[in-house]
Amino acid sequence: MRQLLPGDTVWRNIRLATMDPQRQAPYGLVDNQALIVREGHICDIVPETQLPVSGDNIHDMQGRLVTPGLIDCHTHLVFAGNRAAEWEQRLNGASYQHISAQGGGINATVSATRACAEETLYLLARERMMRLASEGVTLLEIKSGYGLELATEEKLLRVAAKLASENAIDISPTLLAAHATPAEYRDDPDGYITLVCETMIPQLWQKGLFDAVDLFCESVGFNVAQSERVLQTAKALGIPVKGHVEQLSLLGGAQLVSRYQGLSADHIEYLDEAGVAAMRDGGTVGVLLPGAFYFLRETQRPPVELLRRYQVPVAVASDFNPGTSPFCSLHLAMNMACVQFGLTPEEAWAGVTRHAARALGRQATHGQLRAGYRADFVVWDAEQPVEIVYEPGRNPLYQRVYRGQIS
């Protein structure tokens, strides 16, 4: 009989989808095991016959499925306002250029966010965060990017820090100051990039407000030369980088980000084979964002087969934002990744667990059920992991465990 220490907690009578690639079964499935949690981490996974059947800290899950906590590795969670009216305009035939000329588009969100009080932004973001937590998310990336000026970018990152301080969910904050050119720099995007590189990145990094730097390398964002200035600045300070790349056109952004050993290249609908090879060589994760693909009614799909052939890890994320992916649901993103992009359900699960952890640099502690990893996991009223992907309108979450505590 296995000896338990005071304070140990056990989940028994479970079906474990460990998402551990070292296990041969699909999803890393293993039956008739028990999970021992000690001080917020998984202490061990052992045959349940080695443990007592009952006790003060022994939870009998009656055969339910247990998976790692979900990880949403790409969100724009902190913003004010919404863009529902301009979505209706687009459906009625208005062009993006027409909407932008009326003050719509990303600058509408920037204006609303700049004007919004920090406490209000926090309350808005907290409600969104708890929606994701209710789906089993235990680690969440939050980008800035709706300030496009030092004061508001800092405000957004402070909100992310306040959310993290609640200890309800892990937050990985990302500085996305190079998201778009603000209206006041419309005729001087290079000048804005200078502000980002010489002021925003160093000052906000010194304050410890973010973990990584992101950028939007695209025909409607920043060109390759401007994007490289951002990457050079970040890497000179030892800051991990990532990028929104190849969403609407092929500019070579994935190759650029991979050359700087980027954590991830996100969107990647127009990614080519050279970009895929560069991602493999740079250790860069491909992050698929099917919500934006759906909402923008795009037709160019990411090269999933090439990513498989080159063995590039593929993550899946919600991309929750008010303009192009207003879907605060990782379950829905998993389903869309399968239906629209051709991922298998097992690939979708890897995309919101171990590959999403790698996209955030957390692969040594998150995204799998293994001894030594964080005790972040979800108990589901389900028999198979595919059920969560198959029916995104139903949430079979039974219990969410964060840092070893039922939450």
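Here the Cβ of each residue, glycine as well, is placed from N, Cα and C on the backbone.
What Swiss-Prot records for the 4-imidazolone-5-propanoate site is Arg83, Tyr146, His179, Thr324, and among Gln3, Gln247, Gln255, Gln399 the residue it adds there is Gln247. Across the fold, the C-alpha of Asn321 (N-formimidoyl-L-glutamate binding site) and the C-alpha of Arg83 (4-imidazolone-5-propanoate binding site) stand 10 Å from each other.
The residues near the Fe(3+) site, meaning same-chain residues not in His74, His76, His244, Asp319 whose C-beta sits within 8 angstroms of the mean position of the site's C-beta atoms, are Thr75, Lys143, Asp266, His267, Leu289, Ala292, Ala317, Phe320, Asn321, Ser325, in sequence order. Of His74, His76, His244, all annotated as binding-site residues, the residue with the shortest Cα distance to Thr324 (4-imidazolone-5-propanoate binding site) is His76.
His179 (4-imidazolone-5-propanoate binding site) has His244 nearby among the binding-site residues His74, His76, His244, Asp319, Gly323, counting only those with a Cα within 10 angstroms of its own Cα.
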